[in-house]
Amino acid sequence: MARDLIGPALPPGFKEHATVEDEERDPSPVAGPALPPNYRSCSSDSSDSDEDSSSLSEEGNQESEEEDTGPNAKKQRRNQDDDDDDDGFFGPALPPGFKKQDDSPPRPIIGPALPPGFIKSPQKNDKGREDPGQVSSFFNSEEAESGEDEDIVGPMPAKGPVNYSVTTEFEKRAQRMKEKLTKGDDDSSKPITRESWMTELPPEMKEFGLGPRTFKRRADDKSGDRSVWTDTPADRERKAKEIQEARKSFSKKDEENILSGRDKRLAEQVSSYNESKRSESLMDIHHKKLKSKAAEDKNKHQERIPFDRDKDLKVNRFDEAQKKALIKKSRELNTRFSHGKGNMFL
């Protein structure tokens with residue numbers, strides 16, 4: 001299995017190691033740089049891994065036998081340490097001076113630090129690598145324990161078994177409705193009524209909103225009796241008696257205003273004297289003319305009249321009907337300039 005080598009021959013120990021590596025190499029051609037033998041043993045199939053493990057065990061036995069052989073043993077031990085350190089990394093190996101020490105402090109963590117309960121030294125497996133499964137399981141257990149201590153937002157779950165039934169809910173609802181109906185029947189026998197002062201306006205405010213829509217020009221001292229809002233039953237009886245007495249006194253005054261027999265007799269004498277001795281007054285002549293004119297207008301035949309804009313469209317707010325009503329109202333002068341009801345003659 002030895003190949004023809006150009007140059008000085010290697011020592012016996014290195015030659016055997018080289019032959020073992022040649023056996024482990026894949027006979028198929030590879031384009032590009034070849035991976036180290038240890039990486040190939042990790043990425044190959046189970047059969048290759050078994051062969052690699054057997055070859056590594058043989059190399060270990062040979063190295064143990066040649067521990068006392070001088071520089072060869074040191075070189076082999078150094079190569080084995082380099083292979084163990086470089087396992088899991090791609091690319092060129094670091095020089096021996098840059099090798100990470102076993103007792104070196106942990107690398108600084110960038111970002112917020114975990115609570116003290118979450119910090120745990122990572123465990124290593126048989127090959128010297130960190131086992132992420134154990135660390136993740138530890139974190140999951142810690143998170144579960146810490147989650148129980150956190151404040152719970154929202155309704156708390158029931159502490160005991162919940163006994164809910166649709167039938168019982170319907171029965172309770174029917175019972176509440178029955179009680180409501182029975183109580184309503186009892187209350188109907190006693191109707192609730194409001195007092196009169198809550199539903200009726202005071203006498204002074206009966207015509208509220210029907211009066212003039214202007215402000216008062218003068219101060220009104222007679223603001224009205226507002227004691228109706230606070231009257232007791234005794235006050236109402238007292239006021240009712242006062243109103244009856246006031247009505248009686250008012251009726252007595254009306255009786256006094258009635259014309260006496262003397263005034264009536266004198267009025268008849270004056271009217272007979274005026275008819276016989278005096279001529280007809282201007283007021284009487286005016287009334288007679290109005291009556292005759294009204295009779296003529298009534299008997300007059302109505303004819304078709306031409307279109308009048310003011311009358312037909314009622315442009316002017318003061319139309320003919322309002323004009324006639326105003327004239328008719330001004331004719332009744334006797335209501336303003338007539339004699340009084342009592343004491344007609346001195």
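Note that Cβ sites are derived from N, Cα and C of the backbone, with glycine treated the same way.
Per Swiss-Prot, the feature compositional bias 'Acidic residues' maps to 60-69, 142-152. If you look up Swiss-Prot, you'll see 123-132, 169-193, 233-267, 293-308 marked as compositional bias 'Basic and acidic residues'. Per Swiss-Prot, N-acetylalanine is recorded for Ala2, and the stated evidence type is similarity to another entry. Here Swiss-Prot flags Ser28, Ser104, Ser136, Ser141, Ser146 as phosphoserine. Among the features that Swiss-Prot reports, motif 'GPALPP motif 1' is placed at 7-12. Look at Swiss-Prot and you will find 32-37 tagged as motif 'GPALPP motif 2'. The annotation motif 'GPALPP motif 3' is assigned in Swiss-Prot to 91-96. If you look up Swiss-Prot, you'll see 111-116 marked as motif 'GPALPP motif 4'.
Under DSSP, the residues of the motif 'GPALPP motif 4' (111-116) split into helix, strand and coil as follows: 1 helix, 0 strand, 5 coil. Counting residues of the compositional bias 'Basic and acidic residues' (293-308) by DSSP class, helix then strand then coil, yields 7 helix, 0 strand, 9 coil.
Break the motif 'GPALPP motif 2' (32-37) down by DSSP state and the numbers are 1 helix, 0 strand, 5 coil. Over the motif 'GPALPP motif 1' (7-12) the predicted model carries a mean pLDDT of 79.
Here the motif 'GPALPP motif 1' (7-12) has, by DSSP, the following mix of helix, strand and coil residues: 1 helix, 0 strand, 5 coil.
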